[in-house]
Amino acid sequence: MSNTILQQLPKGQKVGIAFSGGLDTSAALLWMRQKGAVPYAYTANLGQPDEEDYNAIPRKAMEYGAENARLIDCRAQLAHEGIAAIQSGAFHISTGGVTYFNTTPLGRAVTGTMLVSAMREDDVNIWGDGSTFKGNDIERFYRYGLLTNPNLKIYKPWLDNQFIEELGGRHEMSEFLIANGFEYKMSVEKAYSTDSNMLGATHEAKDLEFLNTGIRIVKPIMGVAFWRDDVEVKAEEVTVRFEEGIPVALNGKTFSDHVELFLEANRIGGRHGLGMSDQIENRIIEAKSRGIYEAPGMALLHIAYERLVSGIHNEDTIEQYRINGLRLGRLLYQGRWFDPQALMLRETAQRWVARAITGEVTFELRRGNDYSILNTESPNLTYMPERLSMEKVENAPFDPVDRIGQLTMRNLDIVDTRDKLGIYTQTGLLSISKDSFLPQLNKKG
């Protein structure tokens with residue numbers, strides 16, 4: 001068995017812990033200190049919409065026994081990766097055309113690399129986090145951690161039998177903190193678990209594991225409960241501008257800071273509940289899970305970007321963009337966002353698709369994912385209405401004689417197709433009858 005994963009607490013050694021300030025990591029940090037480890041706490045500022053005071057988290061870690069505690073601002077990098085995902089269409093999970101924007105995988109890519117980089121600065125080469133053995137994050141953090149520090153060792157209290165035996169549940173952890181002089185009041189248990197960052201929120205587990213429990217039990221943290229009749233949502237016109245694939249302006253206001261742009265996009269989309277979806281997905285280990293997601297800003301930018309893609313690029317380029325995006329989305333989900341095959345797909349889209357995306361899209365947002373596109377403008381549009389106008393136009397690009405020639409050339413593949421269908425009929429692959437959708441194939445001429 002690999003010695004990369006430590007199954008017992010490394011006493012006397014520095015252990016970095018991804019510290020959220022919640023019950024689990026608070027109890028784990030105190031327990032590790034009491035059992036002889038030297039814990040270092042690292043907190044990622046990912047712009048979580050449900051976090052009120054980031055600066056209080058490192059202070060809390062020091063109270064629980066951390067040797068040192070640092071707050072790492074990851075927002076700029078997260079915004080950068082979010083834009084890269086939009087540029088490359090790195091989204092592979094959707095239901096009925098409603099997309100999940102891989103916001104948790106993007107957050108893990110940033111957290112896993114930036115926290116381990118900070119640990120290296122402190123000569124901390126053992127890392128622990130709160131991910132469980134059934135989820136995706138245990139593998140994502142494992143990959144990103146070892147990519148960033150090849151000498152990294154992994155210690156997770158939740159894989160340590162001694163920790164589980166002593167502090168195996170929320171009640172035990174709460175009692176442990178109280179017994180050690182900390183006034184910890186357990187929060188009221190929600191009917192589901194929430195994880196969030198600046199790009200989006202994930203609601204899953206507990207009651208949401210049952211498919212007969214839906215979005216109506218969720219209290220959005222980035223938007224409104226648009227499905228409720230008592231929630232007023234007014235229609236709103238919104239304009240989004242891109243320059244060379246980069247979102248630069250919302251409603252005429254230019255943003256040089258991508259973090260501020262995402263925050264404003266979240267506010268705009270959130271007023272309507274835009275970007276919420278209910279998805280059944282395949283986890284990395286191939287078992288299916290269910291999540292309800294929020295991503296108002298990502299959805300807003302994605303709509304505008306894809307509208308410009310469809311108006312600027314040709315059919316084959318769009319097809320390749322979509323195929324590559326599906327593959328890239330899956331790699332991102334699996335924790336492979338910085339693997340060579342993912343970088344290849346990303347750079348292809350960013351170079352050959354995104355660089356041409358300059359323009360402005362105006363649309364009307366209503367409730368949830370209900371919207372209408374009102375206008376599309378770009379100096380790079382290849383959509384030219386005069387080419388296919390139903391009215392008579394001067395200097396038409398082609399005339400009836402040209403189309404006759406084009407149709408005549410189609411005779412070649414039509415004849416070939418008919419011959420192939422005849423072969424399939426003779427071999428029994430197709431059955432010809434009066435009720436068949438191809439009843440005339442057995443007739444000559």
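Glycine is no exception: its Cβ is also placed from the backbone N, Cα and C atoms.
What Swiss-Prot annotates here:
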type    : residues                                                                 : note
BINDING : A18, F19, S20, G21, G22, L23, D24, T25, S26, A44, G130, T132, D137, D195 : ATP binding site
BINDING : Y100, N136, R140, S193, T202, E204, E281                                 : L-citrulline binding site
BINDING : T132, N136, D137                                                         : L-aspartate binding site
Extra residues within 8 Å (Cβ to Cβ centroid of T132, N136, D137), L-aspartate: S131, K134, G135, I138, E139, R140, F141
Neighbourhood of D137 (ATP binding site), C-beta criterion under 8 angstroms, separation at least six: R108, D129, S131
For ATP: widest Cα to Cα gap among A18, F19, S20, G21, G22, L23, D24, T25, S26, A44, G130, T132, D137, D195 in Å: 19
Where G22 (ATP binding site) sits in the secondary structure, as DSSP reduces it to three classes: coil
